[in-house]
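Database features (Swiss-Prot):
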REGION    34-191  region 'START-like'
BINDING   70, 107-112, 134-140, 156  abscisate binding site
MOTIF     103-107  motif 'Gate loop'
SITE      106  site 'Involved in interactions with PP2Cs'
SITE      167  site 'Involved in interactions with PP2Cs'
């Protein structure tokens, strides 16, 4: 009798059940594994959202407007695309955005490159390429997966250099805290959008019966 492959348990701290992790394990292996070298750290975070995957993905894919769900961004402007004459808002891998960060953080600006925008599989990735901040060589991937009929799972991972004078734990704590806050905002925005869409699609109530 052939022995079944044993599914490894979810990574510690991810907050997923064994059954949930089994559903997204292939996604984790394909998109959320990094070759972490000396002086680097990485992390993987998860967020359940009670909204259809399409509603969540519609928010995540907005490389041109991350402030919709990212707390600490004041503004975002797409750079002109040197490879296309239209210079419109088309989102293609290689596009750059200039992000302005709110005061109070150890950053002021960030130049970021869109690496991956896969609408079919709902995979989004970007790299920080410049700016005034301490997150050097920061690279992130976000995936949107359906868990069941009413629940979507968002996974966000990153790899980044540990700044001089900081430890891996310090760096991971800072980045994880920002991402958790953003994922919580993503949850509230996506669920509100889904509820509004459902309400708009609902048939109108029948007119009241006429009095006899």
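Placement of Cβ uses the backbone N, Cα and C atoms for every residue, glycine included.
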- Counting Cβ neighbours within 10 Å across all chains shown, tell me which of the recorded positions 108, 110, 167 comes out on top. 110
- Item | Distance from residue 167 (site 'Involved in interactions with PP2Cs') back to residue 137 (abscisate binding site), taken between C-alpha atoms, in Å | 16
- Over all shown protein chains, what is the count of other CB atoms within 10 A of the CB belonging to residue 135 (abscisate binding site)? 20
- Quick one: Cα separation, residue 108 (abscisate binding site) versus residue 167 (site 'Involved in interactions with PP2Cs'), in Å? 22
- Query: Near residue 112 (abscisate binding site), how many other Cβ atoms are within 10 Å of its Cβ?
  - Reply: 21
- Message: What does the structure give for the C-alpha distance between residue 156 (abscisate binding site) and residue 167 (site 'Involved in interactions with PP2Cs')? Integer Å is fine.
- Response: 21
- Note on the structure: Going by C-beta under 8 A and a gap of 6 or more residues, the same-chain neighbours of residue 139 (abscisate binding site) are 34, 115, 125, 126, 127, 128, 158, 159, 160
- Message: So, three-state DSSP: helix, strand or coil for residue 110 (abscisate binding site)?
- Response: strand
- Item | Cα separation, residue 167 (site 'Involved in interactions with PP2Cs') to residue 112 (abscisate binding site) (Å, whole number) | 24
